[in-house]
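J.: Here TrEMBL flags 25-48, 60-78, 98-120, 141-163, 208-228, 240-262, 274-293 as transmembrane segment. The domain 'G-protein coupled receptors family 1 profile' annotation in TrEMBL covers 41-291.
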Amino acid sequence: MKSVDSNASSLWRMESLGIPPSGTYPVFIAGLFTYCLILTCNITVLLAISLDHHLHKPMYVLLFNLSVNDVLGATALFPQLISSILRQNRDISPAACLIQAILVHFYGTGAVIILSVMAYDRYVAICRPLLYHSVMTPSKVRMIIVAMWTTNTIVIGVLFLLLTRFRFCRNVVPTDTCCTNPSLTKMICEDTSVNNYYGLALTSSFEVASTAIVVFTYIQILITCLFNKQADTKRKAIRTCATHLVVFITYQINACFFILSHRFEQVSPYLRRSVGVSILVFPPILNPLIYGLNTKEIRSKVIYMFRKHYVSSQKC
């Protein structure tokens, strides 16, 4: 990456969070607690799936990848943010800023890809049950997972390769709580039209495609379950589909607003910053709860793990 000047030790300054001195430690504790909560929820799901071979099924393997992606996203934000709050210093090296931006966007794109594939998996399982075991075979699931991460790596790699062609003429990272592609683009004084067009095309294609897939599949699942004569099945289907759709669409709206808001100077930086943080905080907390611990099989495994650990500790 081309730095602001020839001094390799030069630092960039991120805009102040506006936290008063009296609020430093409460905000630090809140940030640390949130990060620990995200790690605890997602690592619990990861352990439950990895330790039980009965959970090595497509649905749970995809959920495993979602939790990995959530941990990645939270780790992209919180360590640097918590450190800067405690130090009351928002300086960051250009390399660290670029890595953070890559991880943030890698997390965002990865989330919509994985959730779309998870929706398709549930669609086949519920609406086409006779085809499920021929469509979602172990080898095909492995290919899908490789394709997910490869696609994510390529599209985000191209996004930042386009960015690193330029020389950064400013050393203040504007508006955002963390480094992102839009904020880094604002630090360039040259024509970034190609970057903007690619970013807009990337956002539009992923937003439209993933939303269409998820909405279509869950509507089909809902219709199929509503024709089921069992009342409990209907209630469970409505509750599950509605919850998943609300969480997914809320995430999509926030992500779309955050990316597009950089193109409109009228948008309040505080609103943009709040929405940006919410994308990296709420999904990593809600996903393991809604898609993971809300599932009977995973919940049973987690309870078994804690009981086993408790009994072992009592014997010691």
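Placement of Cβ uses the backbone N, Cα and C atoms for every residue, glycine included.
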J.: Six or more residues out from either end of the transmembrane segment (240-262), which same-chain residues have a Cβ under 8 Å from its Cβ atoms?
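T.: Cβ under 8 Å, 6 or more out: 108, 111-112, 115, 119, 175, 182-183, 185-186, 199, 203, 207, 210-211, 214-215, 218, 221-222, 225, 271-272, 275-276, 278-279, 282-283, 286-287, 290-291.
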J.: Considering pairs 6 or more residues apart, do the transmembrane segment (274-293) and the transmembrane segment (25-48) have at least three CB pairs under 8 Å?
T.: yes
J.: Grab the same-chain neighbours of the transmembrane segment (141-163) for me: Cβ-Cβ under 8 Å, and only residues 6 or more beyond its ends, written as numbers and ranges.
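T.: For the transmembrane segment (141-163), the far contacts come to 58, 61-62, 65, 98, 101-102, 105-106, 109-110, 113-114, 117, 181, 184-185, 188, 194-195, 198-199, 202.
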J.: Roughly where does the domain 'G-protein coupled receptors family 1 profile' (41-291) sit in mean pLDDT, to the nearest integer?
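T.: Across the domain 'G-protein coupled receptors family 1 profile' (41-291), the average pLDDT comes out at 88.
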